[in-house]
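Engineer: Sending over a structure as structure tokens; questions will come in a sec.
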Amino acid sequence: MATEEKPTSTETASNETTITQILDVVARAAPEIRAGLPGRRIYAEQNNPSGETPMEADIYADEMLCERLGDLDGVGEYASEERQEVIDTGSGLSVCVDPLDGSSNLKPNNTLGTILAVYDAPLPAAGSDMVAAAYVLYGATTTMITAYDDTVTEYVVQDDGEYEAVREDVTLPEDPSVYGFGGRVPEWIDPFTEYVREVESDPSMKLRYGGSMIGDVNQVLTYGGIFAYPTLTDHPEGKLRVQFEGYPVGYILETAGGRSSDGEQSLMDVEKDGLHSRTPVYVGNEELIERLEAALDD
Ligand code: F6P
């Protein structure tokens, strides 16, 4: 990383230019990350800061994104789920990356993603510091969803890294039809279980859960509905990370006209706490999240 030659903060490129460059780096890295997956479906030797054993593909994607994002003049800090500490890359915006969300899906060859959060503040940042968020989805095709400037856009990313907008001003469909809930069912708290039974009893709703948050969230963004990784009896804070998962999906779903919640408030209002802290995550259509919050409040 070329940190020494970087401009001082007054010379730093404008945030707008930097955000465009960050999104460009992530889109162009996507086909390379995808092409690097086949040989990296094995576990790495060290645990990540959350105590999970990453796949070699997680490390590969993290190193690529750290180097390329850190090289941008307007990026001052880089953090990822795979690293304990924030990397100082100069001065400018802060980026948080989940390089390969849902990497346990690598072995069974299911959907994976890369999640990006951009903050205009040092890390860990607050939800209100977020200036853009995006995710890449490695599914049957490679797509990228961005939320920036009050607009959500979907791009298709080609094998050569070129990308083209295929849906502009993406909003959640008004009539929801899918739901996906994580965590072991016996560990759900009773009010949540009752809420789930109510959702399941609606004949217009069907279960879609794939085990990669970003794949499941993208189903909600596409068809309307709700995704949750809830509070659990022995893990009240749930599983997902605030900086890397909670804030960016909250930002994207809210920009698309939906709602996000930690069970009581918008995900964007969750305390920032530590770099790797967790939060329950509930995102989807407004009416479904309102009913969820009411159920948990009883
Ligand atoms: O954060 C990691 C993650 O893989 C998410 O993408 C996903 O929603 C969740 O964990 C799946 O967890 P579980 O294996 O408990 O369903």
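Every residue gets a Cβ built from N, Cα and C, even glycine.
The structure displayed is predicted, hence computed values, not measured ones.
Feature table excerpt (TrEMBL):
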- 43-166: domain 'Fructose-1-6-bisphosphatase class I N-terminal' (DOMAIN)
- GLU81, ASP98, LEU100: Mg(2+) 1 binding site (BINDING)
- ASP98, ASP101, GLU245: Mg(2+) 2 binding site (BINDING)
- ASP101, GLY102, SER103, SER104, TYR209, LYS239: substrate binding site (BINDING)
- 172-296: domain 'Fructose-1-6-bisphosphatase class 1 C-terminal' (DOMAIN)
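Relative to the rest of the structure, where do these features sit?
Structural biologist: Taking a C-beta cut-off of under 8 angstroms and a sequence separation of 6 or more, GLU81 (Mg(2+) 1 binding site) has the following same-chain neighbours: ASN48, PRO49, SER50, ASP58, ASP62, VAL97, ASP98, PRO99, ARG241, PHE244, HIS276.
Classification of GLU245 (Mg(2+) 2 binding site) by DSSP places it within a helix.
For SER103 (substrate binding site), the Cβ neighbour count at a 10 Å cut-off comes to 26, with all displayed protein chains included. In the three-state DSSP scheme, SER103 (substrate binding site) is classed as helix.
When pLDDT values are averaged over the domain 'Fructose-1-6-bisphosphatase class 1 C-terminal' (172-296), the model yields 98.
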Engineer: Measure from the Cβ of ASP101 (Mg(2+) 2 binding site) and count the other Cβ atoms within 10 Å, all protein chains considered.
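Structural biologist: Result for ASP101 (Mg(2+) 2 binding site): 27 other Cβ atoms within 10 Å.
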Engineer: Tell me which binding-site residues (GLU81, ASP98, LEU100, SER103, TYR209) have a Cβ under 6 A from ligand 1; sequence order is fine.
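Structural biologist: Within range of ligand 1: none.
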Engineer: Fill in the CA-CA distance, LYS239 (substrate binding site) to GLU245 (Mg(2+) 2 binding site), as an integer in Å.
Structural biologist: 10
Engineer: Tell me the residue counts in helix, strand and coil for the domain 'Fructose-1-6-bisphosphatase class 1 C-terminal' (172-296), as DSSP assigns them.
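Structural biologist: Going by DSSP assignments, the domain 'Fructose-1-6-bisphosphatase class 1 C-terminal' (172-296) contains 53 helix, 22 strand, 50 coil.
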